[in-house]
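Contents: one structure, followed by commentary.
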């Protein structure tokens, strides 16, 4: 259906259909993120010996996050007098829009994908970097020293870890011979890339956590140092945009990890009778659990340690991985 719409003559009907599909996808994403946050809180509670949300929506707290969303929507929307008003208003949208856009290129099964982009991996890397513009814009427009420092940290962290993140997937590109995410999954039909690219997987995983600004790399919004970081002056639904962008990227990165290193929807040997969507969901959930585990386990690192680790450890390891992968492919494939 999507291919037919793309190839058809442009018309207002097509625009309306695309708009309706976009709104529907946005509602699905928001619903998934809402209950994804609840799942994270329950897992964190379990790991810390707590019950977690259990008051709103029954024993499992199923409506707790919904109540939190309603609370955010009802909160007063304040704009500081000294803020750059147009940029302050626009920044949350700039931060959230790319997070929503990257989902279009991610294949969840061989039949479930919004748009099959020939260079889906390149598209994801390019578009995801735009969110930092929104973060820095919001930090600067707030006219607050803590917000500005958080925005500068976010920009420095993104630059420092985007490089090893991209370098870590070059081994995957060498083995699959494509930037198309569907082709990358197809290349893992026999052997998942986590088996032949363990170093690349570790570098990608660490760099992904840093890109997501999650513990132990949550320096741009370190409460003990910066109050709330780059969004310290935001409240209500504008603050919710930043939070949603963070969690949409969180789940999108887990899906990308599944596609690049865990074989996507391909099953384990002798278990092909289980549908591909189930396999993708299981692998995706495993990666999400791993990210949550990191948040619970590790303490926050210092800013200088963060920069030093990215440039002096991850980047050289990623370069060595590229060299070894190219050598092995040349000799044995």
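Cβ from N, Cα, C; glycine included.
The transmembrane segment annotation in Swiss-Prot covers 17-37 (among others). For the transmembrane segment (17-37), the residues of the chain that approach it from at least six positions outside its boundaries are 5, 62, 65-66, 69, 100, 103, 114, 244, 247-248, 250-251, 288, judged by C-beta separation under 8 angstroms.
Look at Swiss-Prot and you will find 88-108 (among others) tagged as transmembrane segment, backed by sequence analysis.
Within the same chain, residues 87, 90-99, 101-102, 104-107, 151-152, 154-155, 158, 162, 165-166, 169, 173, 179-182, 184, 211, 220, 230, 242, 245, 249, 252, 256, 260 sit at least 6 positions outside the transmembrane segment (117-137) and bring their C-beta atoms closer than 8 Å to a C-beta of that stretch. Per Swiss-Prot, the feature transmembrane segment maps to 117-137 (among others).
Feature annotation from Swiss-Prot assigns transmembrane segment to 159-179 (among others); the stated evidence is sequence analysis.
Per Swiss-Prot, transmembrane segment is recorded for 191-211 (among others), and the stated evidence type is sequence analysis.
Residues annotated as transmembrane segment in Swiss-Prot: 241-261 (among others). Beyond its flanks by at least six residues, the transmembrane segment (241-261) meets 29-30, 32-33, 36-37, 92-93, 95-96, 98-100, 102-103, 106-108, 121, 124, 128, 131, 134-135, 138, 169, 172, 181, 184-185, 192-194, 197, 200-201, 204-205, 208, 211-214, 230-231, 234, 280, 283-284, 287-288, 291 of its own chain at Cβ-Cβ distances under 8 Å.
Taken from Swiss-Prot, the feature transmembrane segment applies to 273-293 (among others).
Sequence-distant contacts of the transmembrane segment (313-333) (same chain, six or more residues past either end, CB-CB distance under 8 Å): 161, 163-164, 167-168, 170-171, 174-175, 197, 199-200, 203, 206-207. Sequence annotations record features per position, and here Swiss-Prot assigns transmembrane segment to 313-333 (among others).
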Cβ contacts under 8 Å made by the transmembrane segment (191-211) with residues that lie 6+ beyond its boundaries = 128, 157-158, 160-162, 164-165, 167-169, 171-172, 175-176, 184, 217, 249, 253, 257, 260-263, 266, 290-291, 294, 306, 310, 314, 317-318, 320-321, 324-325
For the transmembrane segment (88-108), distant same-chain residues with Cβ under 8 A (at least six beyond the ends) | 25-26, 29, 79-80, 114-117, 120, 123-124, 127-131, 133-135, 137-138, 141-142, 181-182, 185, 233-234, 238-239, 241-242, 244-245, 248-249, 252, 255-256, 259, 264-265, 277, 280
